[in-house]
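S.K.: Quick one: the structure is below, questions incoming.
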């Protein structure tokens, strides 16, 4: 029994008495506590008190203390054991024979007799110890006083009959009957026996319920700590097992597919040979064995590919020429894509019929476009583009594929500068030129406009398969990236090094940070959600979702920090279900009534009360989280919705569809988009969903494309204001960590790379 527990409980009792107004009771309680006979159940202090009574020859208080201990504690130990025995016999009387029961009772009776005998012997020895101490100190009068006071009681004990002569023996130390009691050995043995007995009694006495509550609370905390430690050990072992299973699976795939290209089978477009590389700062999205090449990749996460991007002026071209590797066909080239126009007010949907693009994925490509002006641009794969801004006729000769391109400048299209990654035409100072037609408005460039420029870019090549998702932690200190091989990597942005690899054993389709507790949620295509604590760098556990809907298509964390939503669909993508989960218990809270809708993308509003969803049937549905039912919905796209995102003002909503449309909506005037953005289209095959990412003040947003770049938009301008290039495959995921001081963009592609791009901001004061 811990004295600190008693003191803590005493303070609680005093606090309760004062709270109830029992001031007099509290006063007496304090007085009795000062005269505590038990000394807080501290054996040393009780023995010290016994020695004080003996040394002061206070036999009355000595006997009183012993009787108090006997009645209060010693007898209760006996009573408790008796009850335990009786209960045990009652519960087992149908199974024990009479012989066994009698044997158990005999054993108990013997133990009980031993306890009573021990108590009686210690009581007698304590009094003998008092008498011997008095004789050793020549206090014969105290000895006679003792026998006079307790003679009637002692005469009943045969062991004491010879002790009545002790005060009259001249030299009792040499008397054979009493010699042993005057030895130091007997005195020390008695003191040790008494100490051990009291310690055993105090450890086994039944505690009051009020004290048991506090002890149980402490015991529960101790057990919880043990459970946490065991869970941590279990997760470490599971992580090791997952890693070994992943390596085994990789080795099996490696042995069976040495001559196959995973990139060709997954992306559906022609890949150049490994030897055909540009001698520039980017790597081609090439074929080769994914698993073999992963062993050759460096462990270091990011490598600097450019220190500074200087914007340069460029000529106009159509959207098909925006890629820096035009000779290779792009995913989705077979369908029409909206061209990016500088003036969407006049030419949002106008496509010049004089411009044609013919692509052959098996042979070299020759593209001819008639132009009305004259300019010459010679492009070589080993050098940067040379642009003559005084002429208006461009002729591009590529030594790798022999592509010749003539571009018109009267179709309203603007070429994206691949060297500086700056959209539209710019002057010698790096600012965008004003529109030649002099139009002002949402798409015009006005004085004082914020301009983004790419300052630097780093590339990560540690993933061995196509990227599926990448996302910043809210404070920008960490990056999570996932790939189709089932691995998730956590990166420390400040140190630019790979920190942790999480093995999920199947393709990771969704990724989400819970920013308050720094948890990472990874949804896979085999009915699992892995939850990882980035602070402790350990797994919390796995959530098993419905086997009927194995693909966890999207995860969205509620801004209130209490829950998250998951959208799971079946393998045929014909049915799905949406659940909300309690983040603390990891149990389902609500099943949203989606009326059979298959949901690809989800987004909470800033208060966490509404959930917007983008569906396979092209509709946007908005759910009320409290009721779990849709409160609004409209047909937004003619094909699947791949991304839907709430703005922080809770009035605007952005959506991206497989139909190549990128819209801004007002949820109070549904049915007609507020703005349509010039967008080249997103990846069609294989199926991917994505996220639209905003800067800190929601004035700009970023989105990936089926080309080899991501596009940055001002929310009030239809045309993109910046292109984030460098990838050699479609950009399927991106995220933007923005603050008033810095802007960092991360993009992930089917080329297996992650690119970290730092932006600089300036204002156009022309």
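Start at 1 and count along the chain as shown; that gives each residue its number.
Just so you know, glycine gets a Cβ as well, placed from its N, Cα and C.
Small disclaimer: the values here were computed from a predicted structure and weren't measured.
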S.K.: Of the ranges 67-87, 88-108, 109-129, which one does Swiss-Prot flag as region 'Disordered'?
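M.R.: It is 88-108 that Swiss-Prot describes as region 'Disordered'.
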S.K.: Count up the helix, strand and coil residues in the repeat 'WD 2' (503-542) according to DSSP, in that order.
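M.R.: Helix, strand, coil within the repeat 'WD 2' (503-542): 0 helix, 25 strand, 15 coil.
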S.K.: Is it possible to list how many residues within the repeat 'WD 7' (726-766) are helical, extended or coil according to DSSP?
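M.R.: Breakdown, helix to coil: 0 helix, 26 strand, 15 coil.
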S.K.: Based on DSSP, tally up the residues of the repeat 'WD 1' (462-501) by helix, strand and coil.
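M.R.: Counting residues by DSSP class gives 0 helix, 23 strand, 17 coil.
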